[in-house]
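K.L.:
Annotations for this protein, taken from Swiss-Prot, read as follows:
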type    : residues                                       : note
BINDING : D177, E178, V179, G180, L181, G182, K183, T184 : ATP binding site
DOMAIN  : 164-332                                        : domain 'Helicase ATP-binding'
DOMAIN  : 474-628                                        : domain 'Helicase C-terminal'
MOTIF   : 278-281                                        : motif 'DEAH box'
Amino acid sequence: MAQQYLPGQRWISDSEAELGLGTILTQDGRMLTVLYPATGETRQYATRSAPLTRVRFVPGDEITHFEGWKMTVREVDDVDGLLVYHGLTAQNEARTLPETQLSNFIQFRLASDRLFAGQIDPLAWFSLRYHTLQHQSAQLQSSLWGLGGVRAQPIAHQLHIAKEVADRIAPRVLLADEVGLGKTIEAGLIIHRQLLSGRASRVLILVPENLQHQWLVEMRRRFNLEVALFDAERFIESDASNPFEDTQLALVSLEWLKEDERAQDAAFAAGWDLLVVDEAHHLVWHPESASAEYRLVEQLAEVIPGVLLLTATPEQLGLDSHFARLRLLDPNRFHDLDAFRAESSSYQPVAEAVQELLDEGRLSQQAHQTIHDFLGAEGEALLAAATDGDIEASSRLIRELLDRHGTGRLLFRNTRAAVQGFPERQLHPYPLPCPAEYMELPLGEHAELYPEVAFQSQQEPADEQNRWWQFDPRVEWLIDTLKMLKKYKVLVICAHAETALDLEDALRVRSGIPATVFHEGMSILERDRAAAYFADEEFGAQVLICSEIGSEGRNFQFSHHLVLFDLPAHPDLLEQRIGRLDRIGQQHTIQLHVPYLETSPQERLFKWYHEALNAFLATCPTGNALQHQFGPRLLPLLEDGDDDTFQGLIDEARAERERLEAELHAGRDRLLELNSGGGEQGTALVDAIEEQDDQFALPIYMEQLFDAFGIDSEDHSENALVLRPSEKMLDASFPLGDDEAVTITYDREQALAREDMQFLTWEHPMVQGGMDLVLSGSMGNTAVALIKNKALKPGTVLLELLFVSEVVAPRALQLSRFLPPLALRCLLDGNGNDLAAKVAFDTLNDQLESVPRASANKFVQAQRDVLATQIAAAEAKIKPRHVERVAEAQRKLKAGLDEELARLVALQAVNPSVRDSEIEALRQQREDGLAALEKAALRLEAIRVLVAG
């Protein structure tokens, strides 16, 4: 045994192939020393059990000299135990290469190379590679790719908008849903799907400073998107010439970017694919002038191909302000305000006619004439059928009208009135006597609304005997209310973090009720833990006390009792508070509990919100406008003023609200709502996601993946597992997300309630990263097994091969939709027959047993010539299937893009919102895609040798 190892021989490690080629240094009978020059590592092995395989190339192999030149082997000599290769270079020059001069960096990655080099993998890894290919192929072709993995309830209008917009090249749209309908989720879905498809690689998100944290939490928690938050400090500390170029997703506050010219220059030059702007209705524009913020966004929109503007509804904005947003998207199309006003007024009668068609099922003479004037003669047949009550004709007629709508492709706007699924609200006011301690407080800084903060600021910090919660009647009321609601989860929101912390103290000291807090001073991890403690049904807190800012971006809809311990100074903040529970999918009526101090400003603010704005029982789209209009008169009356004057203000504001709401309702564009709601397409997406959620394919696959990589999984609770790296963890780069442990769930409902758990879907970075590790490495591309089947004569050899049709092209072409990495499987018997169609992979897999590596290697070396011939024969057999798959991919690409091109060209003829650049980009994508598919190659992915026993 000792004579087989000689200094200078090249061997490769069976267990550490990444070390490259090893060179025998010494061999003293019992111990063997091997140097791996590529990494500078040295290993010592017991001679009798060294996990090494001799590197022996054969004629036809291409080998590399350590200086980098290559040659194809023609002959091999054995000179005193060392191999000497003779062959020809690419220039047909004869060369000799002793094995001592082989490149140290040779790694055997091709399946056939690794098989013949003795690098034979465990059976489980071969199976994992096959299943990884199948699952990846299915996902890349799925219409749900980028839509199904979000930690949110699947909602039809959101999914419809996301798919419609994300599937465009460089989309430029306005997302203008009413409050509470999920504009941020729509934007996140669009970003996520564009990134996964390759349509976008780099995204700039521009938001008001007070929304930065909310966006950060939403992107990370819901979409698993790692967003880099940029501010002045981070920008200055960066060593890069352009700090933005180091990140894929940047989150920037509009206030900071507006003031920092160097950061602006860097943003303009960073080469973004998509710009997302939240609260875009605050960008001020007039025909004569524009604000600095508006001009900044305008300049960015000129250099960034895709733009998403999140804004208030057009009715709330007013026509001029709405025009200002559209100018940012398409300045060539929207350059004349007067022309836009005229165009918009022409759509209103059409929208009213559509409303009549929807309500009555047929058209009056006037409505018929309105639509005829709008469509012209080409729509006459459809119009006649729709007038007679033909339902299918009515649907097609509405689609035709939508296609011609001036902003139908640019603007998506849903209203609560049009979207189903919102809960009702019930208000429970609790007037309480105002304590004497608050009567003497100085006014200012909203002290009249939050007297506990003003009172506590006057006390000594160490004075535990004089705490506001010892006398404030709201605290006693809260304790009694929580006891009464002891079976329910209760969310308490107050304006300040200090109040939230004090309330936790009060509940602990005075009642023992289990509570947890949630405020802006906590880290994201601490907030996750607090939210998880609140969500836990069995052992969790009954009450979660949140500050105003701390609860931004969080979803607590598993609760339906909301205590507003105080009231915010603005109706938008009140709506945000209620919106923590009042969301689509909430199963119960929202119970709003509002304590307030009598004869104090709190009582008047309660009446203002309830009687003037109706802000408790319904969303208040006019709240911001009314606050702006009446705020200067309201504030003095909160502190002082007689009751009659205050009541007069309430009556005036109520009348104005009713007038504005009537205007909004009259201005509703039913055509836009139909386009934005998604109809049957949106419902079909929801059904498909729910069906995917109910399948067990992902948990089964992930257990296989965890076992292969040495990740331990154990039950945590119902529908949840804890993952930990085991002592045998194979690869430290496995994207577990935590070095110690991580809790996961495959259940969407569980994930919505427990944000501390990772929600595993096919799109999750852990799943995608694990699949990438399998397919980018070589592990599992060879195997040798014993097959136990009475129908096979002992000694019979079967060869199972997996091939992949591979196309090298930019991800933005999305060729994986048409030619995904599906495994083309071939199962050859000794006569060269392909049995793959008759014997399924899993059926065969169940009949296999492992073979010791040494025995497997010995068999492979003995059968090398036969196996090499069979591999070549298998490739010849599979080639026609590859050619057929590529041709089918070309047909699908051509048909799909030709149809989309024809639709856009026809649409452009009747709707100027279709850009020339969009059509040209689609034509280019078609040409580039077909050219890339023409070069698709067949690659041998994996080999398994099966010996009947």
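Cβ from N, Cα, C; glycine included.
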K.L.:
Highest Cβ count within 10 Å among the binding-site residues D177, E178: which residue is it?
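P.N.:
The residue with the densest Cβ neighbourhood is D177.
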K.L.:
Within 8 Å of the Cβ centroid of the ATP site residues D177, E178, V179, G180, L181, G182, K183, T184, which other residues of the same chain have their Cβ?
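P.N.:
The surrounding set, listed in chain order, is E186, N414.
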K.L.:
If you count Cβ atoms within 10 Å of the Cβ of T184 (ATP binding site), leaving out that atom itself, what do you get?
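P.N.:
Excluding its own Cβ, T184 (ATP binding site) sees 19 Cβ atoms within 10 Å.
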K.L.:
Count the Cβ atoms, other than its own, that fall within 10 Å of the Cβ of L181 (ATP binding site), considering every protein chain shown.
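P.N.:
If we count other Cβ atoms within 10 Å of L181 (ATP binding site), we arrive at 26.
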K.L.:
Here the binding-site residues are G180, G182; which one has the lowest number of other Cβ atoms no more than 10 Å from its Cβ?
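P.N.:
Fewest other Cβ atoms within 10 Å, among the binding-site residues G180, G182, is found for G180.
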K.L.:
How would DSSP class T184 (ATP binding site) in three states?
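P.N.:
It is helical.
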K.L.:
Run through the motif 'DEAH box' (278-281) and tell me, per DSSP, how many residues are helix, strand and coil.
P.N.:
2 helix, 0 strand, 2 coil
K.L.:
Using a Cβ cut-off under 8 Å and a sequence separation of 6 or more, which residues in the same chain sit near V179 (ATP binding site)?
P.N.:
D572, E575, G579, T619, P621
K.L.:
Suppose we draw a 10 Å sphere around the Cβ of K183 (ATP binding site). How many other Cβ atoms does it contain, all chains included?
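P.N.:
Its Cβ shell of radius 10 Å holds 24 other Cβ atoms.
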